[in-house]
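Undergrad: Quick one: the structure is below, questions incoming.
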Amino acid sequence: MITGCAGANEPLNETRAEAKAENAAAKSDQKQKNLPNIRMLATGGTIAGADKSKTSTTNYKAGAVGVDALIEAVPELQDIANISGEQIANIGSQNMTNQTLLKLSKRAGELLASDDVDGIVVTHGTDTLEETAYFLNLVIKSDKPLVIVGSMRPSTAIGADGPSNLYNAVKVAGSKEAKGKGALVVMNDRIASARYVTKTNTTTPDTFKSEEMGNLGVIANDIYFFNDIAKKHTKETDFDIAKIARLPQVDIIYGYQSDGRYLFDAAVKAGAKGIIYAGSGNGSISDEAKKGAAAAMKKGLAVVRSSRTKNGVVTPNPELEKAKLLASNSLNPEKARILLMLALTKTNDPQKIQTYFNEY
Ligand code: DGL
């Protein structure tokens with residue numbers, strides 16, 4: 001009897017154990033289902049950088065590690081998201097071209113339109129990160145979180161900032177609070193708007209600042225948003241990545257003492273459709289450069305004054321406005337170039353272009 005009972009209990013115990021395991025698996029499946037689906041689009045940069053030396057933080061190879069290795073390096077990501085990756089490019093962001101920018105943005109747009117994706121994280125070199133981020137901020141037609149992240153130290157360095165930046169980026173991309181805020185840059189425990197943030201230091205991990213306008217939030221274990229972006233973005237703009245096939249050439253000319261018109265002439269000759277003049281102070285332009293700008297505008301180019309000070313508003317100037325020289329509002333020269341390229345896909349009307357600069 002006893003033996004019989006014991007014998008009868010064995011399969012029962014097995015069944016119970018199986019049921020328990022199934023239950024646990026179902027629970028974990030359920031848990032996975034409750035996690036946001038985040039797609040990571042990798043483009044290279046220091047976050048994917050590697051070097052033989054653990055103490056080298058400058059002479060490493062950017063874009064050496066692939067997207068799967070980036071995800072595997074931070075196993076904790078699995079606790080906060082169902083994460084999968086795609087390699088769009090593996091480059092230093094100084095080599096980001098309009099073509100790669102379009103490829104990345106189109107893919108981000110497609111993914112965000114899908115019900116299977118709750119948010120996107122783009123990994124990117126920090127050098128031109130703000131340009132890509134601002135472009136995405138203007139062309140993506142979705143409210144879902146879109147986060148751009150990089151690092152200042154390569155993945156092999158002591159105190160690499162990539163893993164924590166990546167973890168924070170995925171956390172923000174999976175959060176409800178990040179919806180409808182445009183493209184966000186997450187670095188060094190801060191959440192910044194792509195519209196306001198800029199790289200301010202060549203090497204330090206706290207390089208990204210939103211100097212005049214402030215950050216949108218911080219990550220202190222949890223996510224704390226405390227600002228909204230006042231400028232139009234994503235769904236509110238006239239630009240839709242699905243409809244943009246190519247971008248016109250827009251060049252930046254830096255203003256300095258004794259500058260001349262010849263750089264304007266060279267840009268026109270090279271096929272530019274627009275020029276950003278990084279003027280001194282409040283977008284001041286020398287008389288010689290003004291001649292270059294006037295000649296370019298006569299050929300149909302749009303010319304926008306920005307400021308090499310990188311802070312503050314370039315204010316309208318009645319005399320220059322009469323000459324149809326536009327003003328970049330508070331966009332720095334590299335972001336002004338991004339907006340002018342997009343504006344020129346829509347119009348050549350200086351007044352309409354100026355409206356874009358005032359509103360975006
Ligand atoms: N060359 C740089 C780039 O990819 C590396 C710098 C970085 O990612 O921080 O932008």
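Even glycines carry a Cβ here, placed using N, Cα and C.
Curation does not apply to TrEMBL; its annotations are automatic.
Since we're looking at a predicted model, the values are computed, not measured.
Positions annotated as region 'Disordered' by TrEMBL: 1-35. Annotation source TrEMBL lists domain 'L-asparaginase N-terminal' at 38-228. If you look up TrEMBL, you'll see THR46, THR126 marked as active site. What TrEMBL lists as domain 'Asparaginase/glutaminase C-terminal' is 249-357.
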Undergrad: Pop the mean pLDDT for the domain 'Asparaginase/glutaminase C-terminal' (249-357) in here, whole number is fine.
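TA: The predicted confidence over the domain 'Asparaginase/glutaminase C-terminal' (249-357), as a mean pLDDT, is 96.
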Undergrad: Cα-Cα separation of THR46 (active site) and THR126 (active site), in Å?
TA: 7
Undergrad: Would you mind splitting the domain 'Asparaginase/glutaminase C-terminal' (249-357) into helix, strand and coil residue counts from DSSP?
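TA: Going through the domain 'Asparaginase/glutaminase C-terminal' (249-357) residue by residue, I get 45 helix, 23 strand, 41 coil.
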Undergrad: Just to confirm: which same-chain residues, 6+ apart in sequence, have a Cβ under 8 Å from the Cβ of THR126 (active site)?
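TA: In sequence order, GLY45, THR46, SER93, GLY150, SER151, MET152, MET187, LYS199, THR207, PHE208 meet the Cβ cut-off.
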Undergrad: Tell me, how many other CB atoms lie within 10 A of the CB of THR46 (active site), whichever protein chain they belong to?
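TA: Taking all protein chains shown, THR46 (active site) has 30 Cβ neighbours within 10 Å.
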